[in-house]
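> Structure provided below as structure tokens; questions to follow.
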């Protein structure tokens, strides 16, 4: 095998030679390159030649394999970065064991490979042991080492890497002097880059004077470095133009690279009016023509990027029709970046077919899609929550030979996290590790983002996210500001979930308004407070400064905990560190004051954000929140004033704002419900034109508005002359409700609130039979595997409410539905208190709750069906003997017992009423119960119906007096 390897190296078959070398190393055989020399002497081939050939092949086959025509896939690419690292490790370990010294060229190649493989620590340790060289280091050796520290500071921009770079630059000249090496122009250019990395432009400019003093004239690259340095500093474009002037004054003519740098700076530094930036870009392009500098494809791509960002479709088309000429006078041929920009533009506008057409065109033109091309499609579908299609593009990418980058894997992980696919995300991580990918901070941030998903109660996995953070630190990945902001956001979501649970225990009544029924949440979880302090301390340890997002999240946490004083302090702290609050920051404060019931302070906060030093325009979210607060406080006129102010200030209204306005009108009832219908119908028409339609919330509000408006209209029509008109109005409104529901469910899965609104609207419009048919169809569809709507007891209660208030036939139908819910008959003739006939249970029908019983009690009372009231009471006692009923139910149950003369039942009901006294019986129903007892006990003589005696009647009278005092 050694002879074969020697022969392969001599004939240039280095790929096969590497395979043999790996095989021998895996067999733990000691392979000496000197053995190769002694086995088969060959003139002119020494140890250095063998090693240099293997090392050079490793570098070129991994990083310098150039496509044949510049656009086709790599033809000879066989060494992956993981394989390169493995082979390099084998060689280094061999030379370390045998204490073999390296040539400077070999040492520089190894430093280059370690830099490209992101093994900066290993490269730095090799430099410490520079004594392994068999010859004195050269200027190129120190330049390569400087490149290692520059790469580390670029790829891992932490305070630690910045300090290492600064320390090396400070001692570089000393160490070069110790080895008798003089710096060259490349050294000075690299030092200027290092100064710019350290944000020290003064020192960077002074390096130019040092270069000239040492006899090195700045070249074109020197000026390009300084121009790029100022371009990367926001608001410093004038300094970049200053160095362009110095460059021309020094007799160095700007080339296309110079102008491309300036164009990129204009695009990146663009602020304010887009037309101004467009004018400056076109002016710079005219200067290129004056200097007789022909634009290239990079120029075209930079300008295309700006026109796409500015939404200038005419500029894009003009550019594509033939922007400029190349150096040979021909039209500029687009490259893969050009097509990628166009694909991204079409996908951003939702033109997926056009994006695919552009991809087909690039292949026809001989431009092969790369990993970025496929990544644009993957990112688009992942952001649209169409993860399956994103995975299809990912698989096609691999089939076409494009190697997925870490960025593409992160895009997929983001999409899987949104779908709460932690198992699929784990599989993707396993594939990344198999492919030799190393996770970076973005990967961990994406995985942490996946812990945001939760159940309907908003639960978040804080513990899992913190474990992932610990793993990130253990793996040596430096956390970023995004890492901490996402973890703090998780804590805020956990606090919000706790507030919602507390709110649920206190009994919220309606979900129409986002803030309805809110109770202040003052009891925070101590563990979340500790985690918050820990994360803030970790930010200080890792030298990650707090940004505007961090402060906004901290303000939100204070708002959730109802600590508005702390929230105001957080706002002041932002100003103290020269951070400008955003609209999101003020949105949290406005929400906090509204939840605390301090509407005056909420309105003052909205006014304050428009004044110095903030000068922010309230957005639609802030206005909608304020409008919602006024609606919850029944100050509907102020809610409408806020809406009018939004319109007057030109705030772009969204469907949520209109929905809140419509809800406000619906709540006030009467003619306002009709206005709500008109508002939402106009929005629905506009949304249909845009191809979107109403969302679930707006559709629910519109159905509710139609129900109330139709009911109001029906009540106003005189029954003598307008009965036909009444029926026609109800039919029109009912058809509108059904139409809205069917259109909405084509795009959105119906939720329980929307289904409840459908049933309630139909019942309001006296379409009880239709509501019952819809309920039965939904139930059967769920049983037969059709479109499944998860029906619950709330939906049944909505239908039963309409049925029991309707005519006798519908009331009897409601009783039969109730029989299915309880699994036993209540319509059979049976003696009071006897057990009713049991029916077969139906698992698709939910069990009744106390609201269901109250609806049936009330319906039976409306129809004077007192025997059914008695049966309902005994069913309740059999199934829920310890559960309290609603107060109205006790009144009807007592009335039913007295009407039917059931003495035993009367005593049971009255005993339960006395128990309710301890919990607090409402004054209205206590008075009604007292009136019932007086009416039935006044004219009975010696007996109350069913055998309640005079003494018992007197005792009842004493209880009545107590009830009246409640």
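Keep in mind that glycine also has a Cβ here, set from the backbone N, Cα and C atoms.
Please treat TrEMBL annotations as automatic predictions, because they have not gone through curation.
Fair warning: this is a prediction, and the values are worked out from it, not measured in the lab.
What TrEMBL lists as repeat 'PPR' is 184-218, 219-254, 335-369, 370-404, 440-479, 619-653. Annotation comment: TrEMBL describes 460-609 as domain 'PROP1-like PPR'.
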> Where does the mean pLDDT land for the repeat 'PPR' (370-404)?
86
> Grab the same-chain neighbours of the repeat 'PPR' (219-254) for me: Cβ-Cβ under 8 Å, and only residues 6 or more beyond its ends, written as numbers and ranges.
185, 188-189, 192-193, 196, 201, 204-205, 208, 211, 261-262, 264-266, 268-269, 291, 293
> Please spell out the DSSP helix, strand and coil residue counts for the repeat 'PPR' (219-254).
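Summed over the repeat 'PPR' (219-254), the classes give 25 helix, 0 strand, 11 coil.
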> Taking helix as H, G and I and strand as E and B in DSSP, count the residues of the repeat 'PPR' (184-218) in helix, strand and coil.
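Split by secondary structure, the repeat 'PPR' (184-218) comes out as 26 helix, 0 strand, 9 coil.
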